[in-house]
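First up is the structure itself, then whatever we jot down about it.
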Amino acid sequence: MGNRVARDDYEWVYTDQPHADRRKEILAKYPEIKSLMSPDPRLKWIVCMMVAVQFLAFYLVKDLDWKWVLFWTYAFGSCVNHSMTLAIHEISHNTAFGNTRPLWNRCFAIFANLPIGLPYSASFKRYHLDHHRYLGGDGIDVDIPTEFEGWFFCTRFRKFVWIILQPLFYAVRPLVINPKPISRLEIINLVIQFSFNVGLYYLWGSKPLVYMLAGSLLGMGLHPISGHFIAEHYMFLKGHETYSYYGSLNLLTFNVGYHNEHHDFPSVPGRRLPLVKKIAAEYYDNLPQYTSWVKVLYDFIMDDSLSPYSRVKRKLKGEVKQE
């Protein structure tokens with residue numbers, strides 16, 4: 001468990017990200033994909049159902065013994081809350097109400113944020129669009145680990161700890177890599193979430209609060225679904241910076257596993273990404289892909305050639321327009 005990884009820096013490249021050129025090429029050949037770029041009418045109802053399920057769970061856990069609270073937190077709450085973060089990811093691309101109603105999407109994301117307990121939906125929107133526009137961009141893309149993460153988490157045991165602490169690093173990274181002035185919507189998100197958390201505590205006590213917050217932290221740490229954090233962009237094969245996953249957990253994650261397809265067509269809702277792959281199969285079938293996020297986590301920890309440094313990074317040229 002003490003073996004040190006071989007990497008001591010990121011994989012620096014001097015080419016543009018591949019998604020923009022592939023998008024143009026695919027659209028020229030298959031213009032019908034444009035018809036998939038519209039809101040998903042089911043999304044808002046699925047999100048409302050998930051929020052309702054968690055509200056019911058808050059009520060049900062309030063009278064359980066602590067051992068059962070913790071059991072259901074990991075076995076159920078962590079799955080739902082991680083799935084809810086990916087619903088917020090979907091909403092950040094305006095797939096709930098469309099591009100003509102951006103404020104409706106932002107407000108709906110704050111609503112979807114409630115059972116997660118951690119106010120992040122407004123901030124996520126600002127940084128996530130930069131991730132798409134400037135994938136791997138030095139000082140811009142906060143999905144890339146910091147220098148400290150790459151330097152310190154360099155053994156198998158430390159990588160294991162790093163995966164457990166993923167929620168912490170995702171929260172701190174923007175403040176280190178690309179701090180932005182706090183926005184009015186972020187303040188609203190914070191106030192609404194804090195008020196909800198306090199109200200939940202006063203209504204049903206500490207157990208629902210622990211179920212909610214611990215479920216979010218555990219679900220984004222050492223958890224099968226959290227394998228997507230590693231699978232999406234960590235360079236398991238030299239020269240490839242985005243990977244898709246086509247396993248069954250896509251059913252719980254709004255097809256976030258179709259990640260090459262998503263970066264090629266971020267305006268296509270997750271439910272329709274399998275259609276993109278089907279229409280333009282020759283562009284995706286031969287790309288490196290995964291069938292197990294659990295195996296991704298295992299391989300990342302055990303492979304001494306992989307570390308938080310295993311990311312493609314590029315210096316950006318020209319004017320950078322951030323959210």
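Each residue, glycine too, has its Cβ placed from N, Cα and C.
Here is what TrEMBL says about this protein:
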type: DOMAIN; residues: 5-43; note: domain 'Sphingolipid delta4-desaturase N-terminal'
type: TRANSMEM; residues: 43-61; note: transmembrane segment
type: TRANSMEM; residues: 68-91; note: transmembrane segment
type: TRANSMEM; residues: 103-123; note: transmembrane segment
type: TRANSMEM; residues: 187-204; note: transmembrane segment
type: TRANSMEM; residues: 210-231; note: transmembrane segment
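Beyond the ends of the transmembrane segment (103-123), by six or more residues, the same chain brings 44, 47, 50-51, 54-55, 58, 80-81, 84-85, 87-88, 91-92, 94, 96-97, 167, 171, 174, 183, 185-186, 188-190, 192-194, 196-197, 209, 212-213, 216 to within a C-beta distance below 8 angstroms of the stretch.
Within its own chain, the transmembrane segment (210-231) has Cβ neighbours under 8 Å at 54, 57-58, 61, 69-70, 72-74, 76-83, 85, 115-118, 160, 163-167, 170, 197, 200, 243, 245, 249, 252-253, 256-257, 259, 290, 292-297, 300, counting only residues six or more beyond its boundaries. Taking DSSP states H, G and I as helix and E and B as strand, the domain 'Sphingolipid delta4-desaturase N-terminal' (5-43) has 18 helix, 3 strand, 18 coil.
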